[in-house]
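If you look up TrEMBL, you'll see ASP340, ASP488, GLU489 marked as Mg(2+) binding site. TrEMBL lists 225-236 with the feature compositional bias 'Low complexity'. As annotated by TrEMBL, compositional bias 'Basic and acidic residues' applies to 770-783. Feature annotation from TrEMBL assigns domain 'BRCT' to 47-133. The domain 'UmuC' annotation in TrEMBL covers 336-571. As annotated by TrEMBL, region 'Disordered' applies to 157-180, 217-247, 393-416, 770-792.
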Amino acid sequence: MIKKKSKRERRGEDEDNGFAMWGGYMAAKISKLEEQFTVQAGKETEHESNIFQGIAIYVNGYTVPGADELKRIMILHGGVFHHYETRKTTHIIASNLPDTKVKQLKTLNVVKPAWIVDSVTAGTLLDFRKYLLYSNHTKSQPRLNFQQEISSKKTIKEDSELLPCDQDSESNSLDNETKCKEVDTNTCLRSENEQQHTNHCRNGVVETGLRELVKSCPDSPSLVKSKQSPGSSPSKARTANPSRRTAVEPQFLSEFYGNSRLHHLSTMGAMFKEYVAKLREDSQGDFPGIKRLMEWKKNSGIRQDLGADEDLIDDFDDETFMNERNKKVPCPTKTIMHIDMDCFFVSVGLRNRPDLHGCPVAVTHAKGNASRVREGTNRQYEREFYRQRFQTRLKQRQSGRSGENEEVERKSRLDDVDENESLSEIASCNYEARKAGVKNGMFFGTAIKLCPGLKTIPYDFEGYKEVSYKLYDILASYTLEIEAVSCDEMYVNCSEILKKANVTSLEFASFLRAELKEATGCTASAGFGSNPLQARLATKKAKPNGQFHLLPTDVEMFMHNIKVEDLPGVGHSLAYRLHAEGITDCRDLQRLSLASLQRKFGNKTGETLHQHARGEDQRALDVCHQRKSVSAEVNYGIRFTTQREAEAFVQQLAQEVVSRMKQARVRGRQVTLKLMIRAKDAPVETAKFMGHGACDNISRSVSLGTPTDDPDIIYREAVALERQLKISPSDLRGVGIQMNRLVHSATSGSAKSTVLTKFLGLKKTKGENSEARIESDGGKRVGTESNNVKSPSKCIESKKISQCTEVSNVPVRRETGLIGEVKMEKKRSAVNDKMCQERKLVEQETESKIKSFSKAGRTAASCDHVVGSPVAGKPKLTSEESNPIPILTPPVEVPMMTLSQARKLVRAWVTSEVNPQTCDVVMFTNYIQRLVLARHLEDVDILFSLLHRLLINKGRPWKAAYGTIVKNTQTIMQTVYGANLKVPEFD
């Protein structure tokens, strides 16, 4: 029976219709309708406002007013009307929807048409959440009740609707003063005089200024927060003393880290570096993102997810309409991409605030610019202190070099802030704010003067984490050659992606950025180059929301206009030193020789500047990041009166450091105590409330006998260092503990699976490097290093091993002096002798089962990275060995398979590992040797050719592993055939 083809299938057979597929037709159709709407809106002469700027609606079904009227409203008030629902649609307007449709619309907001009408009536964009047709709220979900208390002594006119105010019903502290959220009724950029609408609720009474507010107020908890108008005078600021939450309080540390943006930035950066490592470890070698990209490329770059009803009739012209494709640009052999989210904190915060789109917005803790002048503060002293310290450090670095007597005038951030203005820092600001001169890290008091209409939104740390995970998951679906930089920034080696998908870098960037926008609601910029430096500078040129590929032929001219402060590694101090030498851009740097730069700035810095000025960067991507330190530091709220309080806080910090070490699965051999001490003659009361002020920084370190993650040991060492310095607790302004010389703690009980074992679905035998956890005399859990031996039998009593491990690894404070060192060395030597004897017993039992992969003592099951020359990994045969065929015995034997399966295995192995693991090399060598014994030399030749081709752009460890496989294979060839196999080799 012949199945009748559908109308869509018959239409798809026509290859000459100009669209190739139905999806291409619909995409072009939707694009044409959007162009028609834009043209129609441009011709409209009665344009009234822009209250719907950034809003794109799609009308679903019957509504009052109807779709035509709503389209007319969007034209008059700056919005966009979509005939079909697309990825750009922000809101769906509907009066009724079936249950099936509601379940499908999980991400978009379905709003009643009254939202549009009421917003026009109010003259401002109202909060759409009050007009949601359906919400995700369940009956069992508790609601947040924000009660509104209004005094009966005052009456408010009906046309002035009250904003909810937070009122503390249990206490009337701070003069029972509660502030209301200010909402602008006009455009975002307003003059200072228009901004003076501060609304206070004193003793439950709403002031008459409330009439100036809009008729509705967002009922989100994050929006009902106090905010001081930027134009308010200091006299209207709170007169009561602010709450002093210091480090003495038990819950201070958790609250500090819960609200510190720097803490979240640093921890999220480390967290996503570990996340990339975990993705690499768990990878099966599949990259669905490349498949999506190839499908997109196959369909002429038009995505097929724009579901639309083909029976709908509109005024679309059915003539051939296709967007012109980008011209193909040849890519170099190696292509590095740098991708960075645009204004990350602001972009995430604005996902639920469409009313602020197009306005200057900043993320900060500040609620207003008014700051009460506290007794004892001296901002002028702090300004001079920072300026003098900068000049002193500058002279020290210039000592012995030209220009050592030149002084550089450095402007302090405090210069632009008055005594009564906010010192809260801007964490992130959007490009509308940057056009007015606002920068990240600027004090809010300075920013509000540059941009009087600046809007502030609170931090959303959970939102940042959610978007960051989506970002990394999407990139990991294309490749795992990723170097994580922070929660919103990374480098990616996309050479293989471009080659496999047969796309250009800009085509890949367009597809990727659209995918990120759809998944996160935030925009990203991407830059491409032949090395990380070029890629990063290309991203800077592409911002905001763009893409740029810096080709090798354009690097020299491109670098001419790059400012020296835009080069990575050039901070404020180095930039000032370069400016003092008359060097402002890379063109100036290129005129100086390497010797001249090294003479002026030192050997290492001079060499780096010489290379970066020419766009050269020899650094390889750090795709397998290894942490070098773990620390916990606090420089806010440190106010102690006694030594006991200071030591109690040090103990809390030690526990925090241990918590982070356990999360990173590391232990440390060195404890470093960092202290910030109030500078001599500095005022006790700092300019920034509870800040550290002008300080001298001191750090002291002590080394431990063995790695540890015991909080009591770390606390004891840190307190001993603090007592040695004999510092008054009242002068402390910052305390930090850092653990260095880290050792990774292996997972107890089983060795890490490798790529080959995961691909084959085989379970690896228990390996070495397992961590022994024992109880010390004091009942404390102490991490100990293992003996790096495998225990296939129970001939060695566990009691003996526990005893020797306990003696050798319990961390104790080392005795000082020569006698103490001699004692410790003798004790260590005696324990090591005993452990070596037990290790020999184990090795004798395992010798018949597992052959040594190298004479240095690595067993075949070891999973260390292969390093050194290819000869280093070759097993050396002796006359004592009875086996005439020197075949390696791996911990897990690869089963015989077809050539196609073997080729897939090789590709998965090479693409999923940065450096090869010894056990994988042994397993693959064993498989090749068995192919030789089976006389399948043609398969061996094909596999060697494939492996050689895949490793051309790999590093030395991979090529060393290749040499090891070849040499061991040639040994088998000589034994079986008396000749070598002709295989490709590296130069």
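Don't overthink the numbers, they just go from 1 along the chain as shown.
Cβ coordinates come from backbone N, Cα and C, glycine included.
What TrEMBL says about a protein is an automatic prediction, not a curated fact.
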Local confidence of the prediction over the domain 'UmuC' (336-571), expressed as mean pLDDT: 82
Those binding-site residues listed as ASP340, ASP488, GLU489, and which of them has the most Cβ atoms within 10 Å of its own Cβ: ASP488
When the domain 'BRCT' (47-133) is classified with DSSP, how many of its residues are helical, how many are strand and how many are coil? 29 helix, 14 strand, 44 coil
Need the DSSP three-state call for ASP340 (Mg(2+) binding site) to compare against my parser. strand
Setting ASP340, ASP488, GLU489 aside, what same-chain residues sit with their Cβ within 8 Å of the center of the Cβ atoms that define the Mg(2+) site, listed in sequence order? ILE339, MET341, PHE344, VAL485, SER486, CYS487, MET490, ALA524
